[in-house]
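Per TrEMBL, the features are as follows:
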- A:91-282: domain 'ABC transmembrane type-1' (DOMAIN)
- A:18-39: transmembrane segment (TRANSMEM)
- A:95-114: transmembrane segment (TRANSMEM)
- A:126-147: transmembrane segment (TRANSMEM)
- A:159-178: transmembrane segment (TRANSMEM)
- A:207-228: transmembrane segment (TRANSMEM)
- A:261-282: transmembrane segment (TRANSMEM)
Amino acid sequence: MSTVVKVPLRYRIPWKKIVLYVLAVAFALYLVLPFYWIVAMSFMREVDAISVPPHWIPNPATLENYLGFVNPNEAQQLVGGRAIDETPYSLRNSLIVATSTAVLNLVLATFAAYSFSRLKFRGSQVLLVLYLLTRMVPGIAIIIPFYLLMRTFGLLDTYLALILSYTTFALPITIWILKDFFRSVPRELEEAARVDRCGWFRTMWSVFLPVAAPGLVAAAVFAFMTAWNEFMFALFLTSTEAAKTIPVVAANFATDFNTQFTVMAAAGVLAVVPPLVLALLFQRKLVQGMAAGSVKG
Amino acid sequence: MAEVRLEGITKAFGGKTVVDDLNLTIEDQEFLTLVGPSGCGKSTTLRMICGLERPTKGNVFFDGKPVSWLPANKRDVAMVFQSYALYPHKTVRQNIGFALKMMRVPKATIDEQVLRAARTLDIEDLLDRKPRELSGGQRQRVALGRAIVRDAGAYLLDEPLSNLDAQLRVLMRAEIKRLHVDVARTFIYVTHDQVEAMTMSDRIAVMRDGVVQQCATPGEIYERPANRFVASFMGSPPMNFVTGELADVDGVRVFRGGELTQELGPYDDAPDDPAVVLGVRPEDVTLSPTPVEGYQPGKVFVSEPLGPDVLVTVRIGGELLKARVPVPFRLGHDSTVYAGFNRERLHLFKASDGTALHAPS
C-alpha cells in the first residue's frame, strides 16, 4: 500500500513581481503627477498653490484663473507682459498653425511616402537618409537663416512663416513613418481595385488611403504635436498676437517681477486641451488593426 | 465572352526570364488551368492576362484584339486573388458591389446583383460584416463573389483555394466548377495542386520554368504525358520511375533496369539511345503474395492504408516502387511479394531529355 506524503507548499514571496509593480507605479506617478498638479493648481487660489505643505486637492476650488482669460482682475492684469490677454489669441494661433501644418505635412508626406514605398527608383535610399539627416541639424543652427529668409519674403509674424518652418521639421519623420506604414498595406489591395475598374487616383482615394488611415492619423498627430509644442522658432518668427503661439505666451507668465502660478497652470491646462481632444478623437483609428481581414492571416 | 490568346509571351524580371515564349489559346467559355510547381511562371502569366504585369515580349489578345498595353482597369476581366485581397474597410456588400459602383451601375441594380451573387455563394447573412469578422472560407467566398458579380469576359483565379483546409477545399472545388457551368464564361485558374487541375479543368497547361510542357485535357495529360516532368507532376501518388535501357530479347522489346526486366508493347518511336526511363503509375502495379509469371519478386517496404485501397511501397532490388492495391492487403513489412505491371499502361521516356515515347493509340 502506498502512502501519500503531503508536502506543505511553501509560500514564496513574489519579489520579482512586487519590484516590477512598484517600479511601474512609480513611473506612472512620475508621468501623471506633474499633470495632476497643473490641473489641481489651475483650480486653486494663488495663496493655496504656494502654501507649504502643499494642498493636493483644491479647497476651495475656484474658476477665477480661467475666468481671468475673459475678464482679468487687477492682480491677473499684472501678469507678465499681457500674457493673460494674449492667451486666447495664442490658443487660436496655435490651433490654426498646428492644424495647417498637420494637413500640409500629410499631403506632401503621403505623395512622397507612397513613392518610396511602391516605386523603385535610383537614389531612393540616399534620398531617405538625406531627409533624415536634415533632422540631425539642431534648430538653433538654422534659426538665423530661417529668420532672414522669412524677413526677405515678408513673412515675419505670420502663420505661413510658422507653418512652412514646422512642415520642414515634421516632413522627414512623417515620410519615414508613412513609408513603413504604406509598405505594410498589401499590394494586392491596390491590384484588386485596379481589376475592379479603378484608375490610380480612385484606387488611392477609395482603397489605399482608407486602409492606411491609422498611419495617416498617426502622422497627422505627430505633425500637429510638433507644431503645437514648438517654442524657439515661434519666439523668433512672431512678435504680436497676430501669430504668437501658446508656448511663447506661456513663457511670458514668468517674469522677473511676478509669477502667478495658478493662472499659468490654467493656461497650461487650456494648452493641453486641443491635443488631448485630438488624441481621444482618433485613438480608435490609431490602435485599430490596419488591414485586418483583408488578406490571409 | 472572351477568347484569350497568348502569343509569344515572355516576361523577365531583372534579367531572369520567368515566362518564356508562351503560346496558348484559351477558348471562349473554357476552363483552363495553369498548373506547375512554385516559381514556374503560372501566376505571372495570369497577371499578364489580367493586366497587372506587362509582357517583356509578345502579345495578349482578347477576342483577337491586342490588350497587352491596356491596364487592368481597362480590360474586361475579374480576378480572385490568392490572398483574397478584400477591402478591409468595406462590408461584404460593399466589397462585392465595388466594381459595379466603379462602373456606374445604378444602385438598385448593384443591390440586386450583389444579393444574387451572395445567394449563389450562400453568404447572404454575411453581407453587412467586415472581412475581419469572417472565417477563411467565408472570405474566400466573398472574393469569389466580387468576381462573379461582374459580367466579365474572363475570370482569373489565382490559387483561390490554397488557404483553405482540406475539407473546405474539396467543397469549394465543386462549387467553382459548378459556377463555371452557371456563368458560362472563360475561366483561367492557377494552382500548384494537380488534384484541383485534374478535377476542375476542361484543359490543363502544365508549366515548368516558364515554359508550357503540355496543354491538353486532364485525361490526355494523365494517360499520355508529354514528358517525364508532366508524368511525375500529375498524379497522386506520383508515377514510379525506373532508369534502365531497352533491349531486344528474341524479337521482343524488353526494358531492363536494375533487377527489373519488363516486356514492353509496341512503341512508335524507336530511340537511337537505348537509355530510357520506365514509368508506371501506382494503380497499374498489381501485387501477388505468390509467384506469377512475369511478376517481379520484391519485399514489402511499407504499407499505407488510404481507406478504399492501400498504398504499398515495394522494394525490388534497389528500387522503391509504389503500388495502389485494393483492400484487404494483409502482407506485413519485409514479406515477399510479387509485383506485376499493366503492360498496356506503361510509359517510356528518353533518359536524355525526358521526352515521352508514346505507344500508338
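For all residues, glycine too, the Cβ spot is worked out from N, Cα and C.
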Contact check, the transmembrane segment (A:159-178) vs the transmembrane segment (A:95-114), 3+ Cβ pairs under 8 Å, seq sep 6+: yes
Among A:18-39, A:95-114, A:126-147, stretch most in contact with the transmembrane segment (A:261-282) (C-beta, under 8 angstroms): A:18-39
Cβ-Cβ under 8 Å with the transmembrane segment (A:126-147): same-chain residues at least 6 beyond its ends: 116, 156, 165, 168-169, 171-173, 175-176, 179, 232-233, 236-237
